[in-house]
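Taking it in order: structure first as structure tokens, then the write-up.
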Amino acid sequence: MKSTAHAKVGANRRGKRDRIHERSNMTAQVRNARLPVDTVRRNALAALLLSVALGTAAFLADAATGILGSALLALTSSGFSWGLAALLIGFRQQTQRGAAATCTALLLGATASYYLLVLGVSQRWRGGHLDAGTSADILGLLSVGRAAAFWAVASLCAGPIIGFIAWRVRSGSDRESAAFAGLAFGLFSAEGLHTLAFKTAWILLDDFGVRLLVSAILTISLSALTVAYIVRLRGISATSRAVIISAGFSAILGLALWRLAELARMAISV
């Protein structure tokens, strides 16, 4: 009897190991699957068009002033808006590698579109003069170049992360999807949280302070609504423990990362 029981236990363990191994192989096959050329082309075209639209919208929003301008910047030229665009296009991808690559390409393309418009259309780098009366155009060009390089590096860092989040939300278990959706909140709301925590001029509630406050509240609120909508699409409760814990943790992490990015940006005078 004992030998029979041991044999059954051994068989069950082997069966469990085989199932785990089979599941791992299937996951690896999905990750490494090669997409048809037409699918790759469609994804690339979608990323290109969306990146140009995103960069153009951010460029046009720069011309708006007052509270309306702050609201438009939050909707078109913020960590929330660009992160959301990358997340949405990441959802369309069939592989994890494709999601990471497409999200990165989108952010890089949007950055390039924006700064090309700055260089060729607004040309706000021109017209300045030094104390000696000489032109400061070269310094203006260098400033634009530093800014473009800074945000290109930021895109290279954020793109794969957002792509991985999009992939896990789409293909992971309910618990994984909830946790990674919560992580998206920290990434999207980081800029608004940073404004509330470090740009304390909003406390005065003058014209400048109100504009800061409007932008921050919009960014944080829309980030929360986006996460709630994502988990609802996956059939998960927005108040589940995994979502709340992940969102809280990612908010702290996102705030710290945005602060580091802001310090780096100021250090190179962008």
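Glycine residues also receive a Cβ, built from the backbone N, Cα and C atoms like all the rest.
Taken from TrEMBL as is:
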REGION    1-20  region 'Disordered'
TRANSMEM  73-91  transmembrane segment
TRANSMEM  98-117  transmembrane segment
TRANSMEM  148-167  transmembrane segment
TRANSMEM  179-198  transmembrane segment
TRANSMEM  210-231  transmembrane segment
TRANSMEM  243-261  transmembrane segment
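Against the transmembrane segment (243-261), stretch 179-198 has more CB pairs under 8 A than any other of 73-91, 98-117, 148-167, 179-198, 210-231. Relative to the transmembrane segment (179-198), the listed stretch 210-231 leads the set 73-91, 98-117, 148-167, 210-231 in CB pairs under 8 A. Long-range Cβ contacts of the transmembrane segment (98-117) within its own chain (Cβ-Cβ under 8 Å, at least 6 residues beyond either end) map to 35, 40, 43-44, 47-48, 50-52, 54-56, 58-59, 77, 82, 85-87, 89-92, 144, 147-148, 151-152, 154-156, 158-160, 162-164, 166-167. Tertiary neighbourhood of the transmembrane segment (210-231): same-chain residues 66-67, 69-71, 73-75, 78-80, 84, 169, 177-178, 181-182, 184-185, 188-189, 191-193, 195-196, 199, 201-202, 237-238, 240, 243, 247, selected by CB-CB distance under 8 Å and a gap of 6+ residues from either end.
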